[in-house]
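Features as listed in Swiss-Prot:
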{"type": "SIGNAL", "residues": "1-23", "note": "signal peptide"}
{"type": "TOPO_DOM", "residues": "24-126", "note": "topological domain 'Extracellular'"}
{"type": "TOPO_DOM", "residues": "150-505", "note": "topological domain 'Cytoplasmic'"}
{"type": "DOMAIN", "residues": "207-497", "note": "domain 'Protein kinase'"}
{"type": "MOD_RES", "residues": "Tyr380", "note": "phosphotyrosine"}
Amino acid sequence: MAESAGASSFFPLVVLLLAGSGGSGPRGIQALLCACTSCLQTNYTCETDGACMVSIFNLDGMEHHVRTCIPKVELVPAGKPFYCLSSEDLRNTHCCYIDFCNKIDLRVPSGHLKEPEHPSMWGPVELVGIIAGPVFLLFLIIIIVFLVINYHQRVYHNRQRLDMEDPSCEMCLSKDKTLQDLVYDLSTSGSGSGLPLFVQRTVARTIVLQEIIGKGRFGEVWRGRWRGGDVAVKIFSSREERSWFREAEIYQTVMLRHENILGFIAADNKDNGTWTQLWLVSDYHEHGSLFDYLNRYTVTIEGMIKLALSAASGLAHLHMEIVGTQGKPGIAHRDLKSKNILVKKNGMCAIADLGLAVRHDAVTDTIDIAPNQRVGTKRYMAPEVLDETINMKHFDSFKCADIYALGLVYWEIARRCNSGGVHEEYQLPYYDLVPSDPSIEEMRKVVCDQKLRPNVPNWWQSYEALRVMGKMMRECWYANGAARLTALRIKKTLSQLSVQEDVKI
């Protein structure tokens, strides 16, 4: 607007200057005579070969009248000369081409430069609406937040009150009992599925977290303390609620408890009034996973047999179906690998991470595959899983896939066996054939198309234990799942080997 005003003020000045000069052109036969307001010496008359002009405009608040001559050379552009243009609010200009035709009076321009338009002021109703709207919304948000927090706190305190008032809880959790005593008493006298839910809640809410010992896609694992004993606390992120619920559900299967399956203690959704934590409490094993253990240590022949036999025992118990009123369904792990097997103080294994496991209902011959987005570990997938030929309706198919993965775990263990001072560095299966994080397509090409398996060194034939291990591995890796060994057959073979090698289990 400022630029427009400047340009509009400049034009009248040009007109005044032009008027001062008289606008005279060269005299000639066809010269045009015009009235001239500034031509005192020629009796207010000028002569031109162009046009007569009359203009009235406002400048600095004053009205100015100009009559003058416009030379022909100044009449540009042709048809609409610059000097003949008008502006409704600032100036009124007229050009003509007859002698003294500019002796006319023009309409005075309507006003000065337009002031910038200001928006109209808000009325009282609008002002009230503008102020009251956000204030009301803010109060509404505060009330909703207060009600949500109050609800969570009521639920939290009610749970605490119920736990404190439950006499059976006090009876079970007498102060002279350790965690191990409690788990043993309840698992042997009850259904074999672990602690009652109210006891689980009480235990979980009296655990003191000490240090973080692991992280995964599900969340974190902490070492905690309860009544002088260590426990492992797996804390799931809220988006992994399905995984938490499924794993807790599997662990609480009737008659599941076994010395070679991770001891489940409690599951609880801890609500502290503002957010919910999903806890899964289990036995703590300081050696960590078999993967960590083999990376740190080599093993003797005795140690290798103990690790292999205990892993087979745990898997055989998972796969086994126990018939009866206190029976147990067959369970397939579906994600067996060295990172999901823990090593106990006594050098034995405990199978863990049952979040992907499936149970078989013998009565209806159905499998309860949970709606979980997690998938198994590609490196340990059996050929029939990689090429999608596995029969998902047949429970034995899942057990056969577990056996293939167990064979790979045995290969990891045997490589670290120190026999006659000879051992190999720890490596993952297929380390020399696929990248560190292989795709399903890369694994399928190696395992299904090329039918390759991890290398079994020839020098293992020099040691009976390693020879037996190598033979078992190959029988676990058959492309045809039905031809593979069963977990029970592997357990029996390793039991015989332990007797031959005089291994005390």
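Every residue number used here counts from 1 along the chain in the order it is shown.
The backbone N, Cα and C atoms fix where each Cβ goes, and this holds for glycine too.
For Tyr380 (phosphotyrosine), the same-chain residues lying six or more positions away in sequence with a CB closer than 8 A to its CB are Asp335, Leu336, Lys337, Tyr404, Ala405, Leu408, Pro429.
Secondary structure at Tyr380 (phosphotyrosine), taken from DSSP and collapsed to helix, strand or coil, is helix.
DSSP assignment over the topological domain 'Extracellular' (24-126) gives 9 helix, 33 strand, 61 coil.
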